[in-house]
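Record features (Swiss-Prot):
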{"type": "TOPO_DOM", "residues": "1-32", "note": "topological domain 'Extracellular'"}
{"type": "CARBOHYD", "residues": "Asn7", "note": "N-linked glycosylation site"}
{"type": "TRANSMEM", "residues": "33-53", "note": "transmembrane segment"}
{"type": "TOPO_DOM", "residues": "54-61", "note": "topological domain 'Cytoplasmic'"}
{"type": "TRANSMEM", "residues": "62-82", "note": "transmembrane segment"}
{"type": "TOPO_DOM", "residues": "83-103", "note": "topological domain 'Extracellular'"}
{"type": "DISULFID", "residues": "Cys101-Cys184", "note": "disulfide bond"}
{"type": "TRANSMEM", "residues": "104-124", "note": "transmembrane segment"}
{"type": "TOPO_DOM", "residues": "125-146", "note": "topological domain 'Cytoplasmic'"}
{"type": "TRANSMEM", "residues": "147-167", "note": "transmembrane segment"}
{"type": "TOPO_DOM", "residues": "168-203", "note": "topological domain 'Extracellular'"}
{"type": "TRANSMEM", "residues": "204-224", "note": "transmembrane segment"}
{"type": "TOPO_DOM", "residues": "225-255", "note": "topological domain 'Cytoplasmic'"}
{"type": "TRANSMEM", "residues": "256-276", "note": "transmembrane segment"}
{"type": "TRANSMEM", "residues": "280-300", "note": "transmembrane segment"}
{"type": "TOPO_DOM", "residues": "301-304", "note": "topological domain 'Cytoplasmic'"}
Amino acid sequence: MALPITNGTLFMPFVLTFIGIPGFESVQCWIGIPFCATYVIALIGNSLLLIIIKSEPSLHEPMYIFLATLGATDISLSTSIVPKMLDIFWFHLPEIYFDACLFQMWLIHTFQGIESGVLLAMALDRCVAICYPLRRAIVFTRQLVTYIVVGVTLRPAILVIPCLLLIKCHLKLYRTKLIYHTYCERVALVKLATEDVYINKVYGILGAFIVGGLDFIFITLSYIQIFITVFHLPLKEARLKVFNTCIPHIYVFFQFYLLAFFFIFYSQIWILYPIICTYHLVQSLPTGPTIPQPLYLWVKDQTH
């Protein structure tokens, strides 16, 4: 339990309580249905993708290994969010231990960072395949692919840890134990603190730039290089074919980063917002689209 200090201030709440969607408590049981359906679709779709890639030796190539990594990350990310969300909506179990909240936060931001890194790896692989097709087998060796997967996993996992330590060790006083959210998100938790959160905000923005910002820049540069190469192809049919193979990747890329930038804008700058519209857009960031992104990319790759 939390220890009261003065004027309702709490010293390091032992248990936090999720509010869910403020103002919609009476209909949250219905709101949970589409999230549950999306979660089940993501589990089934990504699991099928992993089984197909694992069982088919011809798919043990860099692009499909990255797709498998993206699929496993999608499963892990949605599993770290949706079950607790449904606990709140359906079973009225909004409480979570403070340390468990930090652990969920670490999982969510780590898996989001992995997704960003995998999208960068896929863009670089596509760039080499289109711009330097004869060098692809030399550049993207199995050893390099292994290093990339390990690197994109460790990068966010390590970068998020100082953020958690800053919350745990630096922020001791909280105005309330109520979180106006359905899962543990860094900004939502930091806003509860009554102490100076400048360091936490700076590190949060810095970490987001190191992971998402740099990935976005390099992905954009990769696709610029791809477009330059495509427009120099002599045959119109060849240009259209190569461009069509890039469309699904560009779609997933823009979907992921536009929602991510909207989330950052909402959490850091936009204070007064239409709650239900903003909430659904923000919630779609971790839970993903109706069709799992890796499965969507795989189907599109097979049709071109």
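Cβ coordinates come from backbone N, Cα and C, glycine included.
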Near the topological domain 'Extracellular' (83-103) in space but 6 or more residues beyond its ends, with Cβ under 8 Å, are 12-20, 28-29, 31-32, 35-36, 164, 167-168, 179, 182-184, 189
With the cut-off at Cβ under 8 Å and a gap of six or more residues from its ends, the chain residues touching the transmembrane segment (104-124) are 63, 66-67, 69-70, 73-74, 76-77, 80-81, 84, 96, 148-149, 151-153, 155-157, 159-161, 163-164, 183-186, 189, 211-212, 215-216, 218-219, 222-223, 249, 252-253, 256, 260, 285-286, 297
Secondary structure of the topological domain 'Cytoplasmic' (125-146) by DSSP, residue by residue, totals 19 helix, 0 strand, 3 coil
What DSSP reports for the topological domain 'Extracellular' (168-203) is 14 helix, 5 strand, 17 coil
